[in-house]
Ligand SMILES: [Mn+2]
């Protein structure tokens with residue numbers, strides 16, 4: 001191990017949400033345990049943070065039903081997101097930094113709506129960095145599958161069932177210009193129109209190829225008002241499947257190990273990280289837990305691990 005630069009010590013709460021009700025296939029429900037086995041809590045403690053693992057939230061089982069009116073498992077998705085919302089909001093009110101261990105990406109509706117509620121009452125600006133291969137901006141009218149892990153960004157922007165769009169206590173939870181999407185390389189046809197109409201800033205893989213990851217993250221972190229709460233929603237399928245096989249919806253052509261590390265390191269440098277989701281890790285598809293280990297290494301960088309003591313950046 002190399003020595004690490006002293007990062008500001010944070011009080012972090014790990015919250016497990018072991019469900020795959022929003023996904024098209026089973027297995028993301030095992031994500032929290034795989035992250036524990038990979039040593040996520042210990043990895044963050046090694047950086048000097050105070051980490052509490054609050055265990056797993058309760059929620060309904062996956063009924064494995066077909067979609068109804070374009071939504072698959074809507075009652076279960078609502079139940080899980082209510083649990084996540086309340087738990088994340090409680091940790092933010094306690095002054096702690098919540099790390100949601102999913103679970104599939106539908107859970108970001110609960111976590112980010114809680115962050116939006118917290119920021120609204122604290123008067124803090126919010127920016128959401130959405131790392132993903134997919135835009136997750138489908139609606140029941142556009143989705144090819146009904147799987148609700150493809151809908152969280154739309155729900156957070158006010159497009160979706162009221163039980164989800166109003167979780168924050170106000171709707172929409174997010175304004176599109178608070179969101180930056182990074183790594184996108186698979187967007188459904190109708191979704192493409194919706195994103196364009198909403199005006200979300202998307203840094204797709206072509207943009208990353210053309211500009212380089214450094215310039216993309218600089219842009220995504222540009223114009224941050226002082227005191228901004230940064231939320232990172234990290235879908236493991238953001239990563240190239242060669243290094244991160246444990247995802248059900250893998251798309252080739254994703255960022256490399258170093259590009260992903262650079263993202264995390266540059267976010268850490270801002271000192272503004274306020275909350276994190278790690279989602280879509282499907283241990284049933286992993287190879288000797290290597291994707292969970294990789295997610296843990298990236299979390300370490302996000303929480304301040306650096307190779308050298310850096311000055312005058
Ligand atoms: Mn996603």
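Using N, Cα and C of the backbone, Cβ positions are placed for all residues, glycine too.
Unlike curated entries, TrEMBL annotations are predicted automatically.
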Query - TrEMBL Mn(2+) site partner of 132, 134, 136, 235, 237, selected from 105, 159, 170 - result: 105
Query raised in the report: Are there any residues in the same chain, six or more apart in sequence, whose C-beta is under 8 angstroms from the C-beta of residue 105 (Mn(2+) binding site), and if so which?
Result: 22, 132, 136, 149, 150, 152, 233, 235, 277, 279, 280
Report task. For residue 105 (Mn(2+) binding site), just give me the three-state DSSP call. Result -> helix
Report summary line: For residue 235 (Mn(2+) binding site), the number of neighbouring Cβ atoms whose distance to its own Cβ is within 10 Å equals 26
**Report entry** Cβ-based neighbourhood (8 Å from the centroid) of the Mn(2+) site, residues 105, 132, 134, 136, 235, 237 excluded
**Finding:** 130, 133, 135, 149, 150, 238, 249, 279, 280
